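Remarks on the structure that follows.
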Ligand SMILES: Cc1cc2nc3c(=O)[nH]c(=O)nc-3n(C[C@H](O)[C@H](O)[C@H](O)COP(=O)(O)OP(=O)(O)OC[C@H]3O[C@@H](n4cnc5c(N)ncnc54)[C@H](O)[C@@H]3O)c2cc1C
Ligand SMILES: *[C@@H]1O[C@H](CO)[C@@H](O)[C@H](O)[C@H]1NC(C)=O
Ligand SMILES: *[C@@H]1O[C@H](CO)[C@@H](O)[C@H](O)[C@H]1NC(C)=O
Ligand SMILES: *[C@@H]1O[C@H](CO)[C@@H](O)[C@H](O)[C@H]1NC(C)=O
């Protein structure tokens with residue numbers, strides 16, 4: 001695949017200017033859960049728990065909070081807490097957090113796939129829900145049937161509600177999001193469904209984890225539901241490996257069982273977190289982190305592990321395979337009118353394989369002095385880059401992950417093979433064509449510049465759509481050339497291949513994976529609602545299993 005433009009369209013603009021940190025004052029009240037969060041250095045070198053959860057992310061936090069109702073829980077997170085960091089806690093900080101980067105500490109760990117597309121993963125309590133764009137929309141009904149998980153749909157709904165009453169808000173649309181909503185309807189993405197958290201074909205306003213003052217809420221906030229006397233959260237705790245032991249007898253056969261994990265604190269000290277009888281280790285380290293940890297623990301394809309000198313505990317050929325990322329394509333413009341800052345709030349759910357979304361990022365005028373746009377601009381106080389993008393459903397193109405190092409802190413090598421499946425390219429052609437329809441709508445008139453000859457044109461940042469949008473070949477080339485990520489990568493520990501329908505690692509006792517790595521497709525328009533629900537749902541399920549089996 002051709003080398004692609006860097007992070008188009010969200011980030012292309014920002015490589016040209018210097019970023020000034022957001023000034024929005026973050027309210028300083030500390031959330032209650034901070035009372036049980038401690039630096040990993042303060043933990044004993046060995047301790048026992050009922051549940052050890054690896055990864056304080058989007059699924060890990062609701063899971064830990066739920067299990068703590070009646071069991072002793074340890075949640076291990078490699079990053080820090082998001083509170084107090086304005087880049088994480090405000091909408092305006094979104095791009096700053098993604099560009100602020102250092103190898104082992106920044107809350108967004110960047111990585112570039114072998115496809116050449118820059119990407120990011122959360123490294124902070126709250127996980128990727130603490131660095132994401134905040135859009136919240138439940139899974140489509142097809143997802144439940146296709147996911148391979150044996151859902152009880154009433155408990156699914158109750159789990160969503162549990163999340164939503166704590167961290168989901170109805171956003172207020174400003175000019176760009178309103179115009180996109182109207183443009184989608186003019187372009188035939190109907191009916192209009194108003195504000196809804198459900199997945200409904202047509203155009204709707206979805207939920208947001210940013211509240212009306214622009215403050216972020218994330219999975220970390222769900223720790224407020226935890227029972228403080230039963231939960232401990234260690235930050236700056238890098239889990240290096242799951243500890244396994246053989247159990248059984250000559251007659252019954254031997255089985256491997258997870259008995260704990262080894263983690264390392266910031267000053268290099270080792271700690272053993274062991275599980276008591278009937279306890280479990282749960283990996284919630286995300287689509288990159290969970291397969292990586294299984295491989296480092298000797299659970300994976302035998303020849304591959306041997307090539308790294310990792311002792312093989314259990315041969316499981318599909319660990320790290322079936323990794324997916326949904327391509328994002330679209331356009332960005334600099335409009336003649338000032339725009340408000342917005343992350344995703346409106347979505348167009350088409351019937352032809354693509355979802356359309358939008359964002360607008362305010363850039364202070366002063367920081368544009370050095371940019372290429374200054375001469376051309378009509379000098380508003382703020383300049384904005386407005387983005388219209390599409391994400392395809394699925395995808396069907398399959399990627400994979402492999403280790404770059406046996407050091408868990410080093411990102412694995414990932415490859416997503418965008419558009420290697422022709423159906424994915426067709427969906428992208430459909431989606432980008434729909435973007436063309438929206439751009440031609442009346443609602444977009446105000447965002448075009450008046451030309452000397454009297455016509456009105458958009459001023460693009462980065463590539464425009466091909467002029468002949470009826471040409472499938474040209475549109476397909478545009479998709480390949482401008483491919484970027486919407487950060488919805490998933491898979492790597494697929495249901496049916498690595499874990500069973502109860503998310504237990506196949507062939508190993510007392511070990512589950514509960515996060516986006518088990519998904520075969522990205523749920524709904526954007527996945528975080530479903531991942532948050534999954535954490536709560538499996539917490540409830542594990543509590544019930546414990547009481548049933550004594
Ligand atoms: C920039 C960006 C924007 C996005 N925008 C949206 C959006 O607007 N709406 C939406 O629905 N979705 C969005 N997403 C996607 C969504 O946020 C993710 O799909 C979801 O958060 C993944 O959840 P998870 O629980 O699988 O993993 P994560 O939330 O990433 O959690 C994994 C956690 O495990 C920790 N961890 C990993 N390895 C270890 C280890 N060895 N030891 C200790 N801890 C470890 C990590 O630090 C992290 O906290 C976005 C994602 C990104 C990155
Ligand atoms: C965690 O504790 C260690 C040892 O006391 C210290 O060096 C480190 O700075 C602490 N980290 C944070 C972020 O507080
Ligand atoms: C779950 O909620 C959705 C609306 O979000 C509804 O359509 C569905 O019928 C509910 N399912 C159950 C089993 O209650
Ligand atoms: C693309 O759109 C066309 C026309 O709406 C539709 O027939 C086709 O099924 C769509 N392709 C995919 C892969 O959804």
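Yeah, the Cβs are placed from backbone N, Cα and C, and that goes for glycine too.
Checking the candidates 239, 242, 362 against TrEMBL: the one annotated together with 77, 78, 124, 487, 488, 516, 527, 528 at the FAD site is 239. Residue counts of the domain 'Glucose-methanol-choline oxidoreductase N-terminal' (122-145) by helix, strand and coil are 9 helix, 4 strand, 11 coil (DSSP-based).
Residues 54-55, 57-58, 111, 121-122, 127-128, 239-244, 310-317, 319-320, 323, 401, 403, 406, 408, 411-412, 414, 489-493, 498, 505, 508, 513, 515-517 of the same chain lie 6 or more positions beyond the ends of the domain 'Glucose-methanol-choline oxidoreductase N-terminal' (286-300) yet place their CB under 8 Å from a CB of it. DSSP assignment over the domain 'Glucose-methanol-choline oxidoreductase N-terminal' (286-300) gives 11 helix, 2 strand, 2 coil.
Taken residue by residue with DSSP, residue 528 (FAD binding site) is part of a helix. Spacing of residue 516 (FAD binding site) relative to residue 479 (disulfide bond) is 25 Å (Cα to Cα, whole number). Note: the CA-CA distance between residue 124 (FAD binding site) and residue 428 (disulfide bond) rounds to 32 Å. Comparing the recorded positions 124, 428, 479 on other C-beta atoms within 10 angstroms of each C-beta gives the minimum for 479. With a cut-off of 6 Å between Cβ and the nearest atom of ligand 1, the recorded positions 77, 428, 479, 516, 528 reduce to 77, 516, 528.
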